[in-house]
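Here's the structure we're looking at; comments come further down.
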């Protein structure tokens with residue numbers, strides 16, 4: 001689902017619709033006022049797009065240069081961006097980076113270091129949420145800090161894995177395990193990389209070090225041929241930005257809280273939530289596509305070659321746009337949206353809970369971690385609780401259709417496929433919007449008001465299916481199919 005700084009990015013793009021008129025005064029404050037945006041929003045937008053000239057500078061002047069120069073460049077530019085956006089509050093990130101380095105050096109590759117890192121970094125982030133919380137989305141230092149928190153926790157776990165015997169690690173853990181001892185400059189460069197400091201994406205220390213060593217290129221010994229792929233992602237991001245800018249005055253979060261919405265027919269309330277639920281995610285899509293382009297341009301997006309020898313630039317992709325736009329399933333949206341954050345949680349939380357012996361419990365705890373990572377508001381918990389419920393029910397429905405001969409035959413009728421797709425998409429985006437209502441409104445008085453207006457439809461629908469589906473499965477799946485499945 002949506003990523004950390006999601007709300008803050010949303011607030012930024014919400015205010016982008018006024019960015020087109022020209023102004024004469026170049027003062028940021030006056031410029032922002034003229035555009036109908038906040039100064040913080042303007043600073044954030046400028047900082048995200050600043051990644052492109054910085055990536056060009058790196059390509060032409062620092063590629064294959066001494067590693068310490070590259071680390072210094074990333075550290076200086078990242079700290080400058082932090083100061084430009086948050087002033088003296090940039091010290092929060094710097095403090096956590098330095099303390100994390102000390103934890104690695106003083107505690108070494110131990111479980112104690114991992115537990116200390118997890119507790120300290122999450123506690124610092126949650127304390128930041130608590131002391132800066134308001135009833136609305138604000139662009140403040142906690143926005144990039146939640147991205148940094150995952151980076152530093154992942155860094156410590158990979159460092160811990162680097163001290164283990166290779167045979168005791170999975171192939172994935174071997175890929176990310178850090179065998180050497182990172183210096184303070186390396187940790188700082190990794191943390192402050194300009195293309196991902198503010199809004200992500202997540203990437204590992206090993207991948208970052210490949211960038212520094214000049215290994216992330218499709219032409220060994222030369223700069224990566226990544227300008228066109230980067231411009232394609234930038235262009236796609238701008239398409240989403242223009243669409244969002246034009247439509248945002250007409251499809252707003254605030255309308256869900258109005259009396260006019262309450263007084264509309266039930267079908268209208270549901271249809272508005274469906275359309276809004278799809279549209280509200282475009283602000284996140286925009287930011288991630290733009291920052292992905294920065295990562296590709298620098299080379300960080302290089303992901304080797306496919307089986308046909310075609311170069312892949314999706315190492316930092318946070319979106320699978322085609323899948324996101326066409327999938328009729330909730331799992332499809334999860335697989336296509338905020339990819340690197342979801343992969344991080346799967347790698348460092350979900351799979352590490354394997355010892356519990358219960359996949360659903362591990363998944364539930366992973367989603368609880370994600371909810372807390374997003375913030376302390378109740379809406380985040382409700383949103384991820386709905387995701388957990390929906391995914392479980394969707395798996396049960398898929399299993400029922402697959403195992404039932406009657407339903408399987410009905411589902412395979414070609415002439416009915418367009419109808420099935422339309423029904424699936426309607427259910428999919430209606431209840432995606434239902435879940436996003438709590439996420440975007442986030443305080444209990446707001447999301448509760450909207451849920452009451454549609455009679456808690458999402459909870460009633462999926463909780464009913466959760467209890468009814470086992471009986472339907474028992475009635476419609478022949479005994480021999482059940483025995484075959486067990487075998």
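The backbone N, Cα and C atoms fix where each Cβ goes, glycine too.
Annotated N-acetylalanine per Swiss-Prot: 2, in sequence order.
Residues 8-9, 12, 16, 19, 70, 73, 77, 81, 84-85, 139, 194-195, 198-199, 214, 221, 223-224, 230, 234, 287, 290-291, 293-294, 297-299 of the same chain sit 6 or more residues outside the transmembrane segment (44-64) yet have a Cβ under 8 Å from a Cβ within it. The transmembrane segment annotation in Swiss-Prot covers 44-64 (among others).
What Swiss-Prot lists as transmembrane segment is 84-104 (among others).
For the transmembrane segment (111-131), same-chain residues at least 6 beyond its ends with a Cβ under 8 Å from one of its own Cβ atoms are 92, 96, 99-100, 103-104, 141-142, 145-146, 149, 152-153, 156-157, 159-160, 372-373, 375-376. Swiss-Prot lists 111-131 (among others) with the feature transmembrane segment.
If you look up Swiss-Prot, you'll see 180-200 (among others) marked as transmembrane segment.
Among the features that Swiss-Prot reports, N-linked glycosylation site is placed at 225 (among others), with the record citing sequence analysis. In the three-state DSSP reading, residue 225 (N-linked glycosylation site) counts as coil. For residue 225 (N-linked glycosylation site), the same-chain residues that are 6 or more apart in sequence and have a Cβ closer than 8 Å to its Cβ are 217, 218, 219, 311.
Taken from Swiss-Prot, the feature transmembrane segment covers 236-256 (among others), and the record attributes it to sequence analysis.
Using a Cβ-Cβ cut-off under 8 Å and counting only residues 6 or more beyond its ends in the same chain, the transmembrane segment (285-305) has close neighbours at 9, 12-13, 48-49, 51-52, 54-56, 58-59, 63, 193-196, 198-201, 203, 207-208, 211, 216-218, 223-224, 226-227, 229-234, 236-238, 240-241, 244, 311-319, 321, 324, 337-338. Residues or ranges marked as transmembrane segment by Swiss-Prot on the basis of sequence analysis: 285-305 (among others).
According to Swiss-Prot, the feature N-linked glycosylation site maps to 308 (among others), an assignment based on sequence analysis. According to its DSSP assignment, residue 308 (N-linked glycosylation site) is coil.
Contacts of residue 331 (N-linked glycosylation site) defined by a Cβ separation under 8 A and a same-chain sequence distance of 6+ are given as 391, 394, in order along the sequence. Residues annotated as N-linked glycosylation site in Swiss-Prot: 331 (among others).
If you look up Swiss-Prot, you'll see 338 (among others) marked as active site. Other Cβ atoms within 10 Å of the Cβ of residue 338 (active site), summed over all protein chains shown, number 26.
For 364-384 (among others), the entry in Swiss-Prot reads transmembrane segment, with the evidence type sequence analysis.
All protein chains included, residue 374 (active site) registers 24 other Cβ atoms within 10 Å of its own Cβ. Reduced to three states, the DSSP call for residue 374 (active site) is helix. What Swiss-Prot lists as active site is 374 (among others), and the listing cites similarity to another entry.
Only residues 6 or more beyond the boundaries of the transmembrane segment (422-442), in the same chain, are considered here, and those with a CB under 8 A from a CB of the stretch are 1-2, 6-7, 10, 253, 256-257, 270, 273-278, 280-281, 327-330, 333, 374-375, 377-380, 382-383, 386-387, 390, 450-451, 454, 457-458, 461-462. Sequence annotations record features per position, and here Swiss-Prot assigns transmembrane segment to 422-442 (among others).
Summarising the annotation, Swiss-Prot assigns transmembrane segment to 453-473 (among others). Sequence-distant contacts of the transmembrane segment (453-473) (same chain, at least 6 residues past either end, Cβ-Cβ under 8 Å): 261-262, 266, 269-270, 273, 386, 389-390, 392-393, 396-397, 399-400, 403-404, 431, 434-435.
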Chain residues in Cβ proximity to the transmembrane segment (180-200) (below 8 Å; excluding those fewer than six residues from its ends, i.e. six or more beyond):
3-5, 9, 44, 47-48, 50-51, 54-55, 68, 70-75, 77-79, 81-82, 85, 93, 97-98, 100-101, 104-105, 143-144, 147-148, 151-152, 155, 159, 162, 208-209, 212, 287-288, 291, 294-295, 298, 300, 316, 318, 340-341
If you run the three-state DSSP split on residue 338 (active site), which class comes out?
coil
Among all protein chains shown, how many Cβ atoms are found within 10 Å of the Cβ of residue 308 (N-linked glycosylation site), not counting that one?
5
